Amino acid sequence: MTRIGTPLSPSATRVLLCGSGELGKEVAIELQRLGCEVIAVDRYGNAPAMQVAHRSHVISMLDGAALRAVIEQEKPHYIVPEIEAIATATLVELEAEGYTVVPTARAAQLTMNREGIRRLAAEELGLPTSPYHFADTFEDYRRGVERVGYPCVVKPIMSSSGKGQSVLKGPDDLQAAWDYAQEGGRAGKGRVIVEGFIDFDYEITLLTVRHVDGTTFCAPIGHRQVKGDYHESWQPQAMSAQALAESERVARAVTEALGGRGLFGVELFVKGDQVWFSEVSPRPHDTGLVTLISQDLSEFALHARAILGLPIPVIRQLGPSASAVILVEGKSRQVAFANLGAALSEADTALRLFGKPEVDGQRRMGVALARDESIDAARAKATRAAQAVRVEL
């Protein structure tokens, strides 16, 4: 039986977010709608989720002692990681001491880097993946590329949003790809994965919810990546019944192995009826932002319900829908957005402006959402809305 108290009172149900970006912001809002007290933690101040949380803390998320100090101070009922780069060994310790980590500390630890989850999927679960090789040194990396063959992809074992990721078409790309991966890694100390290139038709995110009554799948989400970073997503992605069934089989296997309750973003490659496992996030997925307009319960609402042990009797997909990212390039601590009336002038459109405190280089600062009669029409409408937004640095 789920019981939720009153925020800021002795009966409060406290949820602590480890990471406070745009996905965490939506999770915080959904948890507050259900009466939770939300504490947001991240490495920089005024992060999006902090702007809607009851309280916030700024610490290095990779500093285990600092993370433990905040958690022991706040005594949350649920610890909810929103990013990969966290001191996961500390989460494992805290879970052993009786804290609840969503979905589990092991899931956070295995998915913190590409090696843990790839070895689980391919070697323990026997799921289909691309050929791969892990390397710590340039020489080992070169051997790995020779073994996997061209074209191939090299990525730091720890990075997000495509940082440090590149495609190698031949030996001339070896050094540049290695150097870029070394710059893009967050905390993997130079280790990389070399992956064989799968000639897929499309890639999907299958949002998979492990909740009190079992496992439920959202309709598949198609997406377009630029240099490994999401720019556009849509739901539903058209696919054969056989490919969908295989996608659900793979997603169920990997999420069952990770355990716990919550929403997972399972990334898959699809060619015809064949499916390969790519990656999994044990939390809402950026491509799933489309669910803010495509479903009656967004991925964030589903995550909140699953965390709190509430039922999810049905997930209604509302028709062809799309999201298009609002990217900002430049340097500013006072970004403003104009021409919003034009961006929202068409029916069935919406915007989310994330409220990130600064941009230095290129940063995802918002997303446009749209529904229409077909996926092509929804994508075009979302793109028009995103492009209509005028950014002032």
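Every residue, even glycine, has its Cβ placed from backbone N, Cα and C.
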With E22, L23, D286, K356, R363, R364 listed by Swiss-Prot as N(1)-(5-phospho-beta-D-ribosyl)glycinamide-binding, which of these, E72, E74, E82, E232, is given for the same site? E82
Cα distance, S160 (ATP binding site) to E22 (N(1)-(5-phospho-beta-D-ribosyl)glycinamide binding site), nearest Å? 14
Highest CB neighbour count within 10 A among the binding-site residues E22, E82, E279, K356? E82
Restricting to the domain 'ATP-grasp' (119-308), report the mean pLDDT as a whole number. 95
Calculate the distance in Å between the alpha carbons (Cα) of E203 (ATP binding site) and E267 (Mg(2+) binding site), and round it to a whole number. 7
Binding-site residues near R114 (ATP binding site), in sequence order, restricted to L23, E82, E267, E279, R363, R364 and a 10 Å Cα cut-off: E279
In sequence order, which residues at least six apart in the same chain have a CB under 8 Å from the CB of R363 (N(1)-(5-phospho-beta-D-ribosyl)glycinamide binding site)? L327, V328, K356
What does DSSP assign K356 (N(1)-(5-phospho-beta-D-ribosyl)glycinamide binding site), in three states? coil
